[in-house]
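Enquirer: Here you go, one structure.
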There are 6 protein chains.
Amino acid sequence: MSQHTTDTHAMMQPRYTGIPTFMRVALADNWDDVDIGLIGVPYDGGVTNRAGARHGPREIRNQSSLMRTMHHVTRINPYALARVADLGDVLFQRLLKHPEALDEIEAVFARVKSHGIIPIAAGGDHTISLPILRALAKDRPVAMVHIDAHTDTWDEFQGSKFSHGSPFRRATEEGLIDPTKVIQIGIRGAQNTTDGWDFSREKGMRVVFMEEFAEIGVDAVIAEARRVVGDAPVYLTFDVDGLDPIYTPGTGTPEIGGITTLEAQKLLRGLRGLNYIGADVVEVAPNYDTTGNTALVAATLMYEMLCLIAERLAATR
Amino acid sequence: MSQHTTDTHAMMQPRYTGIPTFMRVALADNWDDVDIGLIGVPYDGGVTNRAGARHGPREIRNQSSLMRTMHHVTRINPYALARVADLGDVLFQRLLKHPEALDEIEAVFARVKSHGIIPIAAGGDHTISLPILRALAKDRPVAMVHIDAHTDTWDEFQGSKFSHGSPFRRATEEGLIDPTKVIQIGIRGAQNTTDGWDFSREKGMRVVFMEEFAEIGVDAVIAEARRVVGDAPVYLTFDVDGLDPIYTPGTGTPEIGGITTLEAQKLLRGLRGLNYIGADVVEVAPNYDTTGNTALVAATLMYEMLCLIAERLAATR
Amino acid sequence: MSQHTTDTHAMMQPRYTGIPTFMRVALADNWDDVDIGLIGVPYDGGVTNRAGARHGPREIRNQSSLMRTMHHVTRINPYALARVADLGDVLFQRLLKHPEALDEIEAVFARVKSHGIIPIAAGGDHTISLPILRALAKDRPVAMVHIDAHTDTWDEFQGSKFSHGSPFRRATEEGLIDPTKVIQIGIRGAQNTTDGWDFSREKGMRVVFMEEFAEIGVDAVIAEARRVVGDAPVYLTFDVDGLDPIYTPGTGTPEIGGITTLEAQKLLRGLRGLNYIGADVVEVAPNYDTTGNTALVAATLMYEMLCLIAERLAATR
Amino acid sequence: MSQHTTDTHAMMQPRYTGIPTFMRVALADNWDDVDIGLIGVPYDGGVTNRAGARHGPREIRNQSSLMRTMHHVTRINPYALARVADLGDVLFQRLLKHPEALDEIEAVFARVKSHGIIPIAAGGDHTISLPILRALAKDRPVAMVHIDAHTDTWDEFQGSKFSHGSPFRRATEEGLIDPTKVIQIGIRGAQNTTDGWDFSREKGMRVVFMEEFAEIGVDAVIAEARRVVGDAPVYLTFDVDGLDPIYTPGTGTPEIGGITTLEAQKLLRGLRGLNYIGADVVEVAPNYDTTGNTALVAATLMYEMLCLIAERLAATR
Amino acid sequence: MSQHTTDTHAMMQPRYTGIPTFMRVALADNWDDVDIGLIGVPYDGGVTNRAGARHGPREIRNQSSLMRTMHHVTRINPYALARVADLGDVLFQRLLKHPEALDEIEAVFARVKSHGIIPIAAGGDHTISLPILRALAKDRPVAMVHIDAHTDTWDEFQGSKFSHGSPFRRATEEGLIDPTKVIQIGIRGAQNTTDGWDFSREKGMRVVFMEEFAEIGVDAVIAEARRVVGDAPVYLTFDVDGLDPIYTPGTGTPEIGGITTLEAQKLLRGLRGLNYIGADVVEVAPNYDTTGNTALVAATLMYEMLCLIAERLAATR
Amino acid sequence: MSQHTTDTHAMMQPRYTGIPTFMRVALADNWDDVDIGLIGVPYDGGVTNRAGARHGPREIRNQSSLMRTMHHVTRINPYALARVADLGDVLFQRLLKHPEALDEIEAVFARVKSHGIIPIAAGGDHTISLPILRALAKDRPVAMVHIDAHTDTWDEFQGSKFSHGSPFRRATEEGLIDPTKVIQIGIRGAQNTTDGWDFSREKGMRVVFMEEFAEIGVDAVIAEARRVVGDAPVYLTFDVDGLDPIYTPGTGTPEIGGITTLEAQKLLRGLRGLNYIGADVVEVAPNYDTTGNTALVAATLMYEMLCLIAERLAATR
């Protein structure tokens, strides 16, 4: 793996200047020179309520200009540890052909993987995690840390097996994730049936409902997550509706009574050293983000993920 | 046809009280007693840019509480001339199965037609006009007055022949509209090809680009519309992006330099006495409607349409 | 009491479809078949600062479409336990005749009571709790759990004994509530005199100021509430300004430093099994609710109240 | 009358600095030294739909900091022609005692009149024009130029003869205005009855519906207004909903299809030299003014009125 | 000049996908292959009221994704006529050293000119036109078409000769523009002195106040502009506050009663064939642009300018 | 010191009435009769990202009308303990001459000090604390309690030693603060270098990063602050970005994961009895304050500061 680091010159400029790539890193022409790829998936064809996550990547890029290089807690500078690039957006030819469009997502991430790049994706609705996993985990089921208000292990919606309520049911069925190595954190909210909750439990996922989260605290949740995941290859997926909607109003299916950003930051920082194969932040719908805070939160979460992955990469190089 | 008129008691209440059906007319249990049906089509699976028109019917209903009974220019009280009801929303079973969902729309409007009801639909994106026409015009091609920034006679988008850019190309091909009896008003904005404009022209549609509209004025456009449509059965379709986005910011593909509401009102009032088979107002995306004016405009346009249709019904009874 | 349950078919539809009654339950034609009535009181004639709560019922109805049937913690499905209906809005004849309009509210709730319906009201400003109590508690003083930033036991405002600052002073004077069985939770904010605080204390109400709330925690507050209220008939009133304004910006007299929604949910869930005679959620002013979260919170609180009351009804049937 | 002029020093400062009195003129301690008084009436107890005009004076003051001294068309500097002061707000003791609160407004304007000050009031809802006229026109009926979407000559609303729909019916009945010297401009929008329109016409008011306005143009309307009013003492009242809601979204009863600001400015400038006894701008509800343009428009209209009145004062001194 | 044209592939993608460069053209690495350069100047150090134009370039880029290739009136495809690129933003080293930062702008535009590129700049406040003219017009004074609410020929503000109120006074003094070949269109609004108006008039500029604009109409203004400018090298500068603030609320010093977008489009299209040396669109402050329409208007104006310049380039190649 | 107290009559009026001075206290004509001066500093010439704090004083004044006299926890009525006045805004002559404008701020505060007034300033960006300290602490270095997301001890930005990132580095260098008596609370967020953090630590400041704050809790932070500051003359400075952006979205450089308002209130109330020489609340940018909560928070913090200072003044009189 290369010893080169990312050019962070653009990050030194005033935050409102320049073209808004993710973190203002370069848009990669050549994927051979990239260790970690920040990539947008502007797709929300699987939502069940309010659309808008298709605009997520662009607004997260915009707000990510407020990010900087060195982490104030861990003092990690991910750009010194790995070569980080913006891979652009997944481009589509069949956007109105849901779920065929998911194949287009999978194809791009297969290419990402073939270049040895670890992707951090910005959604898009949660449906996108399924084709990403199809690309990254096709060889063997992986572990997963999943922050969300919903288990996303529900079944059909409106005639389709593929919606943002079902990706991890499908991923389990397809052998992409090992449900016994999955932890779901922040789950809450009334439902019309118990089907999804039951699926998660019956398959062996560790479901931390919000009430348990509040009861046992972040440190205990971190310990639990590390126990569940162990040293397995792990995918990290963060639906911003796992947070309370006061932090992330710009999302499609808000659920009150959620996680705070301070807790989320602590949680992620507690997951250093895991064997990451990829990550995503999903369900940012800027058209509902009246303060812009949702995209700022998402950009900051991507930065935290970037630190985690860069550190691991450097450690195992 | 019945001599009964609509109960307008609820309209006398303060505007913010009560359940927001369209105009606060009753939600029809029995479609047999309805002459004109106001109906929502919460579908935006055909948009090419910003989604949100799925929320249009609900917000138009909300703003329609500001409507009242008697028209200040024509002194028409449509509720005294016809039995008007809210038919509720088209409910879907296959929302994620675009374009199958269009068949569900068609089925509902076929039922509307079978009850002898003239529908005024609130979209939804412009895709919905196609299944509505399939239901209402299956017997013979109809005439059409079409206000819009776009001709919506373009071809495929992202692998689908069915998007909000194509309904009237499809409707022409399927023999639902007679292009020589179609007028398209307010067309403008750059395009990547001339394909849609060419289709409209070659098929014989009368296309009034915005610049011609401004040049010749509303009275001349009215005359032209009446000439084109004549006495044929006619469908009236109003895409709110035909108006300038200052009036209707809450829409998916805004185009600056459009029609004013004063012009639009005059235009509609100039179309009294036509042989209406139905009408729609489409592309209201409340999530982009920062002032609420878009839905207010749409509700007012529906009221104008209601006056037109009720007057015609009463005259031909 | 009937064994029939509520038809929840509409709740299964996508959240943006259909007419927005509360929770999308049916609008009751016949009040004889109803156990729990959700009812709007679109009145804000008693506010001292920003108006807008008159629009509360409609927007709470709108957001309540995101609610579903089964509670994720208690697994209660209120619709299986009781017949729930939307009773519509209180309609007024004397809106500009404050405080005569309060008599109109009282008359409607007297009718609700006469049908044996337990009401859950959506305000409206807090003034409405007075006429509701006049209807529900005319026979004997009741207990009350009151979440709010203000004690609402102040005296005259601008020449009137009836404002949203005084309902519980009046209710005490009129013998509608037993102050020794009243707990007020979340009180805070500077005042011009100590008059209201003094009244509450002198009459024997248990006032939990916000600072005590933060100090002792929700569990202790729940215990205190259960101790104060005991098994007496109890009215539950929730002013959304008891929450921090980050959760409920859409209100008339915001006060920083309040309760979180997670705490509020836990608090309500801690009050299972009480002898409820009715409940309300008040002071939602959608015109100040820039994110829509205020109405979403209010709808969710109504759902929590519904679970509490349905469970109690089923248990005592 | 004094030869002193207004100190305009504060207007030279950057627009965002200093305390926002109207136009940043001094807040008058001594009303003896004032020719024209800018005064706020923060009252909206007479609205029939959305409240918020109580906040109008403050926000108009805020936006009025963008105003400057010299008119770009007429080159009038009103501050060089008259002593202009901010008289503060009408303060109330009986705000919740509608319509008694109107007496409090009347008392303040009686005092304004007794000091020989010509008032330009910022509302507040249109109800306030009635007590202002009671103070200014108690001796004899006056002429009136009235720009509005509504004639405001309707009768009772919700049990009260006093609402923002009725001030000029009451003023006619009370002999405060001479209906044959009244012109109403911009009227439009459906109504539930023709009662108000009929009252205006039957009493001899000149009603210029919006459609006539558009037809004959501003110059003809000006001529008509000058003809109707002649040289009689005249009150000028401008309801911002007379303008199209794209200019003034921040109002309680918006009606599409209205006057443009460019037309309104031309209209006012066409009314130079009339015998003004006072003026008002009403129905600015900042809580619905998402862009701030409504208050900016209102402030600019007040400046236009100020030029008109100062010029007349100087000419007749 | 090259026969190559611009790659417009990215413009064919859905509008929300990809990195938002201007019009989604490529970000130029090599300025040698560029005929027309779209360039951002994120600087608002010269504003006198509300700041925010520093964010203009980014948001105009964002909205410019809605632009397409072929003009619907002129049928010009600028990308087929010239090589168009995004040159990125002017980057600064001395942002807090106003007016030194202006030298940094000048240096970049000098480099643009040295590559033979005709720039279309997105501001930034109007101060930026001065350093741009210093770079482009250093050899000889040029003609100028200037659309604006203000003449921007005022003198010092707050101790500085360089603000957004003075660029064209300075440009006149420095011999960069020939005032007798300057036309200023849309001027309006009260001022504290007549100094700026006088300067423009005395130097020989043709000032079309808004009232004259409305009186004589766009066609006459076009004729006047063409007469004034003739065949001289001409700079085109468009301050979005020349438009009515209903079109462009996102600006720092709004002035009611302005130009419509339809008029502006017609005006620009009337200026085909002039000898352009550059152009700018300035004063877009996205933080005040509640609907996003301001940036959409600015992007559309840039597209119109692009057509004008590309057509001229192709004609004189 | 005078025994007179402040006239609080205006505070008893409805909150939306009257001219919005700070807390609606009188605007002081004569500074001799003032103990505590509330003063605006509408300056944001030192920001590095989003501007707008220049509008802070006006909007904080607006929201401060919701404040009242008596503190609900401490039962302090500051107006009974000290004479409190609004001193107006610092007026500028050299706003575009950064950093000369800072000298204008200093001069005003020198005059404040010469009248024996303790100022509570409303910014403006954090740059303003430097000239305030130059005025108040010119005789000897003072202690400081500093709540913020950033240490503001960074060095040059864009060619200037004076920005909102550097005031306390400059104040240390200039001997205005004694770094060993400075505590910085709430620090967080990635940076491009460690320079500022290092400066604070090396000079002996006590830096409480957010993570430590969350770990040890408010009570421990209070104890630490009291230990660091002791009985030294102390300046209290509160940057609202120290709070989480959900409380204060209206600020220029938001950083997620911050302090809650409940914690901030407890923190301030824990600092009773310190030897205050002045205080400020800075970085309120109303143009980004979509809910108005930021200014409400700032006004409430000013009220808390006022109680602290008035109490100390009364105790030492």
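Cβ atoms are placed via backbone N, Cα and C, with glycine included.
In case it helps, TrEMBL gives these features for our protein:
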type	residues	note
BINDING	F:His126	Mn(2+) 2 binding site
BINDING	F:Asp148, F:His150, F:Asp152, F:Asp239, F:Asp241	Mn(2+) 1 binding site
Enquirer: Long-range neighbours only, meaning 6 or more apart in sequence with Cβ under 8 Å: which ones does F:Asp241 (Mn(2+) 1 binding site) have?
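Expert: Long-range Cβ contacts: F:Asp148, F:Ala149, F:His150, F:Thr248, F:Thr251, F:Gly252, F:Thr253, F:Pro254, F:Glu255, F:Gly258, F:Glu283.
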Enquirer: What Cα-Cα separation, expressed in whole Å, is found between F:Asp152 (Mn(2+) 1 binding site) and the residue listed as 'Mn(2+) 2 binding site'?
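Expert: Rounded to the nearest whole number, the Cα-Cα distance is 8 Å.
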Enquirer: For each of F:His126, F:His150, count the other CB atoms within 10 A of its CB; which of these binding-site residues has the top count?
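Expert: The residue with the densest Cβ neighbourhood is F:His126.
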Enquirer: Taking 8 Å from the centroid of the Cβ atoms of F:Asp148, F:His150, F:Asp152, F:Asp239, F:Asp241 as the cut-off, which other residues in that chain fall inside it around the Mn(2+) 1 site?
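Expert: So the extra residues in range turn out to be F:His126, F:His146, F:Ile147, F:Ala149, F:Thr151, F:His164, F:Gly186, F:Ile187, F:Gly242, F:Thr253, F:Glu283.
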Enquirer: For F:Asp148 (Mn(2+) 1 binding site), what is the tally of other C-beta atoms lying within 10 angstroms of its C-beta?
Expert: 25
Enquirer: Measure from the CA atom of F:His126 (Mn(2+) 2 binding site) to the CA atom of F:Asp239 (Mn(2+) 1 binding site) and give the result in Å, rounded to a whole number.
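Expert: F:His126 (Mn(2+) 2 binding site) has its Cα 7 Å from the Cα of F:Asp239 (Mn(2+) 1 binding site).
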Enquirer: Which secondary structure state does DSSP assign to F:Asp239 (Mn(2+) 1 binding site), in the simple three-class scheme?
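Expert: Once the DSSP labels are grouped into three classes, F:Asp239 (Mn(2+) 1 binding site) ends up as strand.
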Enquirer: With every protein chain in view, what's the tally of Cβ atoms within 10 Å of the Cβ of F:Asp152 (Mn(2+) 1 binding site), excluding that atom itself?
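Expert: 27, counting other Cβ atoms within 10 Å of F:Asp152 (Mn(2+) 1 binding site).
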Enquirer: How many neighbouring Cβ atoms, not counting its own, are there within 10 Å of the Cβ of F:Asp239 (Mn(2+) 1 binding site)?
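Expert: F:Asp239 (Mn(2+) 1 binding site): 27 neighbouring Cβ atoms within 10 Å.
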Enquirer: In DSSP terms, helix, strand or coil for F:His126 (Mn(2+) 2 binding site)?
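Expert: F:His126 (Mn(2+) 2 binding site) sits in a helix per DSSP.
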